[in-house]
């Protein structure tokens, strides 16, 4: 029987692994366990329990939606079901402790996204075990509508799609989303919702040995996270892009161990003739089931501009790395080159696997100059929305900086730093929101943290009880209306009085201090030559104007600032224990002249010049001109 060929080209090698390669495979597995990338069986079992509970909740939600839409169609209501699918790291089987679960709710055509945001949260709170649901946050305005929450301590990102070609969903356990006809009638954001699962399933079906692929992917994910090049939103490959790159290497070495795949990954991706796309299978064209565009650089200028295109295998094919710019591509290629050196030595028995997972040096020695983007808000909810928007726009600022003739490289760090501050007056507030001052940062004591956690748990329990009571009252009201048993009266006066009382209670709890929430994003800068002054005001001001014109911006609540700082001025909390913060460089005084016999003259005294915090010499000598950056 002829072996199946994987990918768009024949394999490079089909050699069976050597004994040394098997030993390296086991060593890699042991190292990944030591690094804590595997979850315990109990934690995995808890995930399965949560998925099972979500399936029951989804069925109840769809029946509620059907009853609301067609109250007299008892057969449709009886047969109404929804389906829950996962995607991302959980479906790929490469999740670890604390990993989010990317989840999709699929419903029949009559269920609307408005019903999803109206009904699903109610049913979720009502049916879940008491206290299991926390941090429930519907985000209806997102490009892909999403509800975020924690279910029994597991973070869930739940998206939604209704299938426009199905009046009812099949109940078969092995029913999948593979059929392209399921995309008919869907908008682009709905296609993207459905394609998360479709892409994940295709990746697993297109690798020769799934177990080999999964272990190699765990290694590459850990490496990319440690090197701070894992974040699609910041212009680096995200989880699905790294997965497709590893899958392509598995196709080229179908018999190799995970250790060999990891080593070959660095060689192949570093030498890849970009912008030639990475494909796991041929792109499907001429399928008219959706208006969503298929990736095609021959037709679309935007597709031609992609630096490192990695194309999803499921129809319609899309580029998973469209956010990568010049600087991030330079950084990725540099990291891949370093990966070649390390893994070659590992394969030769000269180094251990742990050396591959060494932490980045972005703050410790990566750059001398940085920009920090400071987002701030007067309350936590506003800050979550504002910092999320700005995070998605940082790469736009990076693109503007890259076009400046004096900027050789602008590298964004792949995550932001959240802080809380308590200010006593407007002057302190201005220092925090405009200058990024940490002088008023609030760090709760263990006792305060415990008290805040207890208060939060109590508030969530009260909110949950209130939501359940409202749902039960609503259901009872609907039943009464159906049976003709009563007339329903809305008592707005009582509700208003309750709100007033709650506001009064909250007002008494407010501290005299002004609480400010900030999130800082850092961009490392490398210059061409050694400029004495640098004007970035146009780039920064244009970018700020774009952000401040966004509909979610609230002038009295949300603030945005961009500041330039030296590496020696970086805040302490960006450094982990054991890391050394950059220090000012002290210039050595000239050695005093020696006597004829070579000994130093004992009567001669040498006065060392003073050193300022920024490394410049003090007032005893004329100060050298310092490099300055004008950012508006």
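Any Cβ shown, glycine's included, is placed from N, Cα and C.
Curation plays no part in TrEMBL annotations; they are all automatic predictions.
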Exercise. Pick from 448-479, 480-511, 512-543: which range does TrEMBL record as coiled coil?
Worked result: 448-479
Exercise. Other than 100, 102, 157, which residues of the chain come within 8 Å of the Mg(2+) 2 site, judged by Cβ distance to the Cβ centroid of those residues?
Worked result: 88, 90, 101, 103, 155, 156, 158
For this session: List the same-chain residues at least 6 positions away in sequence whose Cβ sits under 8 Å from the Cβ of residue 230 (ATP binding site), in sequence order, or say none.
Result: 221, 224, 236, 237, 238, 239, 242, 414
Exercise. So which of the binding-site residues is most packed in, judged by how many other Cβ atoms lie within 10 Å of its Cβ, out of 100, 102, 157?
Worked result: 102
For this session: By DSSP assignment, list the helix, strand and coil residue numbers for the domain 'Poly(A) polymerase central' (212-359), in that order.
Result: 77 helix, 4 strand, 67 coil
Seminar exercise, completed: Within 10 angstroms of the C-beta of residue 101 (ATP binding site), the count of other C-beta atoms across all shown chains comes to 21
Exercise. Near residue 240 (ATP binding site), which residues of its own chain have a C-beta under 8 A away, given they sit six or more steps off in sequence?
Worked result: 88, 199, 200, 203, 312, 320
Exercise. Within 10 Å of the Cβ of residue 221 (ATP binding site), how many other Cβ atoms are there?
Worked result: 21
For this session: Would you count the other CB atoms within 10 A of the CB of residue 239 (ATP binding site), including those on all shown protein chains?
Result: 23
